[in-house]
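Per TrEMBL, the features are:
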{"type": "BINDING", "residues": "HIS170, HIS191, HIS200", "note": "Cu cation A binding site"}
{"type": "BINDING", "residues": "HIS324, HIS328, HIS358", "note": "Cu cation B binding site"}
{"type": "DISULFID", "residues": "CYS92-CYS108", "note": "disulfide bond"}
{"type": "DISULFID", "residues": "CYS107-CYS171", "note": "disulfide bond"}
{"type": "DOMAIN", "residues": "191-208", "note": "domain 'Tyrosinase copper-binding'"}
{"type": "DOMAIN", "residues": "351-362", "note": "domain 'Tyrosinase copper-binding'"}
Amino acid sequence: MKAEAMASSRCGPLGACVLLICAVATAVYTAFPVSVNPCTYSLPRALLAVSGLDPYIVSCAADEDAFTAPLSNGGNDDKNIGGPIVTNLLTCGKPKLPPHALPPFYCCPPMSASEPIDFTFPDPSEPLRVRRPAHAVGAEYMAKYERAIALMKALPDSDPRSFYQMANIHCAYCTGSYRQTAHRELNVQIHFSWFFFAFHRAYLYFFERIAAKLLGEPGFAVPFWSWDVPEGMRMPVEFANASSPLYDPVRNPRHAPPKVVDLEFVRSSVDDKFTDEQQIQQNLRVMYKQMISNAALPSLFHGQPYRAGESDRPGAGTVELFPHNTMHTWTGDLARPSVENMGVYYSAGRDPIFYPHHNNIDRLWEVWRDVGAARGYRGHVDFTDPDWLDSSFLFYDEEARLVRITVRDVLDIDKLRYAYDGVGTPWLDAKPPATPNVNTKKGLLKSVRFPVSLDDVAVTAEVRRPRVLRSRREKEVQEEVLVIDGIETDGADMVKFDVYVNAVEYEKVEPGGREMAGSFVCLMHPSMDGTGKGMGIQTSMRVALNELLEDLGADGDDSVTVTLVPRNGKVSIGGLRIVYMME
Ligand code: C2O
């Protein structure tokens with residue numbers, strides 16, 4: 001795959017293939033964006049693809065057929081690549097943990113005396129478990145969740161239903177403990193790819209059934225932390241009570257209630273830069289952009305395809321990056337090197353708030369599909385790729401039986417016998433307005449020669465649109481996507497830059513304004529050789545344009561102006577181009 005030059009914006013000589021280095025480098029770390037991970041990104045309102053083998057990045061000079069390139073195995077012709085990713089208990093071994101990790105240092109589940117059984121759906125006559133928002137469910141109900149956690153914590157560590165083992169499940173699936181069955185050199189990793197929503201749904205399903213069983217209440221449902229609606233934008237008070245089993249001392253003390261959450265929070269974020277009202281408004285805008293503007297296709301929402309034989313972390317979906325990762329970081333303890341517990345994969349499940357947090361993530365998957373169906377967004381549908389559907393994970397159920405569950409098994413929550421009690425989607429109305437007169441200097445732009453380094457000054461370039469005024473039908477089928485190629489940094493410092501579209505005078509755009517299409521954040525990554533230098537990072541990023549260009553009244557223009565505004569660190573940009581994506 002070769003990145004081609006465009007009229008006024010050239011892709012760098014580093015094609016997408018160099019990104020693989022980043023993916024591989026990342027595989028050995030287990031962190032959320034705050035920690036020392038080379039390829040973790042915080043992208044408010046942005047789409048990011050971190051794919052060395054990206055089937056979607058097609059040349060801007062390519063012919064029509066290339067625009068409709070189907071999902072493939074990533075363009076890799078290796079016959080051993082492709083097929084579902086399958087977990088096998090026998091491949092579970094030592095996790096790769098960040099420096100200064102907190103014990104335990106091993107997270108594989110107990111061995112099972114028998115082979116895993118295949119998942120079967122619960123009986124349709126079972127009571128429907130209705131998941132409700134923690135902020136509204138009432139103290140009595142929250143006390144049940146508290147009791148369930150206490151009961152799990154009271155089980156011996158060797159019991160696969162104990163809280164200890166519950167937390168370990170997450171650790172095992174994200175630290176390289178499991179290896180791919182037919183490719184032992186490769187990790188199984190359920191973040192930064194199309195498994196993000198599906199894996200966590202299955203995880204929560206078993207967690208909830210175990211809780212219900214221990215409580216002796218078959219209808220018990222885990223409450224969700226609805227940080228996407230104003231009433232839920234604080235940590236539910238029960239979790240902050242130091243004498244409760246829901247309390248975790250390894251959290252950010254500054255973020256206890258009544259602190260309003262910051263859905264874009266990264267390690268370097270400044271608390272209190274907004275009033276509560278402004279922060280809530282900003283959060284709603286983040287939700288709108290991540291759920292609607294930037295999540296127009298399954299790969300943009302769920303994450304990039306990841307098949308047997310491929311390296312992990314091909315690229316996360318919108319919600320995984322923001323607000324999922326950011327809420328992990330917001331909750332964890334910034335005084336810890338890896339922001340334990342919530343702020344890093346290996347320890348996140350040790351905080352009882354992890355499960356209500358992921359419950360909300362799971363609900364957003366439902367919301368994304370429902371909004372799509374209601375509004376006729378054709379891209380708001382799940383993958384139909386058998387490699388996705390047939391991939392499977394292992395869990396112990398409420399009877400302590402080892403069960404193999406596939407992605408296909410978790411697509412219909414009705415069949416799983418649970419539902420969500422709605423909290424509304426106020427962020428659907430939070431689309432920010434366009435800012436008038438911020439692109440009038442477009443005509444004065446000088447052409448930019450890529451690669452360009454983005455140190456102190458913003459860079460604005462004009463990017464040609466291969467097609468203008470596409471029909472409604474064409475837009476429904478294909479998303480116009482801005483690809484920022486050849487992003488390179490030495491990893492010595494954290495890098496953040498913002499991407500504005502059609503706003504040469506970007507300073508005039510208010511925070512979260514419409515023209516601010518996305519941000520790139522790559523955290524500091526010191527190399528492990530003791531030299532104090534950073535580890536080189538190469539990656540790319542994407543921003544969805546269909547809706548944005550309509551909102552900016554720019555759909556008839558034959559080019560867009562893209563302004564890259566450096567916010568932190570040194571980075572070089574290989575080039576900009578526009579492509580059309582189908583899935
Ligand atoms: Cu598996 Cu919220 O991470």
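Here the Cβ of each residue, glycine as well, is placed from N, Cα and C on the backbone.
Keep in mind it's a predicted model, so treat the numbers as computed, not measured.
Features as recorded by TrEMBL, highlighted on the structure.
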residue	record	CB count, 10 Å
CYS92	disulfide bond	20
CYS107	disulfide bond	25
CYS108	disulfide bond	19
HIS170	Cu cation A binding site	23
CYS171	disulfide bond	25
HIS191	Cu cation A binding site	22
HIS200	Cu cation A binding site	26
HIS324	Cu cation B binding site	25
HIS328	Cu cation B binding site	25
HIS358	Cu cation B binding site	24
Of the recorded positions CYS92, CYS107, CYS108, HIS358, which sits closest to HIS191 (Cu cation A binding site) by Cα distance?
HIS358
In the same chain, outside HIS324, HIS328, HIS358, whose C-beta lies within 8 angstroms of the Cβ mean position for the Cu cation B site?
HIS200, GLU320, ASN325, MET327, MET342, ALA348, PHE354, HIS357, ILE361
With DSSP as the yardstick, break the domain 'Tyrosinase copper-binding' (191-208) down into helix, strand and coil residue counts.
13 helix, 0 strand, 5 coil
Tell me, in order along the sequence, which recorded positions from CYS107, HIS170, HIS200, HIS324 have their CA within 10 Å of CYS92 (disulfide bond).
CYS107
Same-chain Cβ contacts of the domain 'Tyrosinase copper-binding' (191-208) under 8 Å, 6 or more residues past its ends?
26, 39, 50, 85, 129, 166, 169-170, 173-174, 220-222, 298-299, 302-306, 312-317, 320, 324, 345, 355, 358-359, 361-362, 365, 383, 388, 391, 393, 395-398, 403, 405, 407, 409-411, 413, 416, 418
Write down the Cα-Cα distance for HIS358 (Cu cation B binding site) and CYS108 (disulfide bond), rounded and given in Å.
21
Within the domain 'Tyrosinase copper-binding' (351-362), how many residues are helix, strand or coil going by DSSP?
9 helix, 0 strand, 3 coil
Indicate whether HIS328 (Cu cation B binding site) is helix, strand or coil by DSSP.
helix
On a C-alpha basis, identify the one among HIS170, HIS200, HIS324, HIS328, HIS358 that is nearest to CYS107 (disulfide bond); the candidates are the binding-site residues.
HIS170
Given the recorded positions CYS171, HIS328, HIS358, which one's Cα is the least distant from that of HIS200 (Cu cation A binding site)?
HIS358
Taking the centroid of the Cβ atoms of HIS170, HIS191, HIS200 as the Cu cation A site, which other residues of that chain lie with their Cβ within 8 Å of it, listed in sequence order?
TYR173, CYS174, ILE190, PHE196, PHE199, TYR203, TYR345, ALA348, HIS358
Near CYS171 (disulfide bond), which of the binding-site residues HIS324, HIS328, HIS358 can be found within 10 Å, Cα to Cα?
none
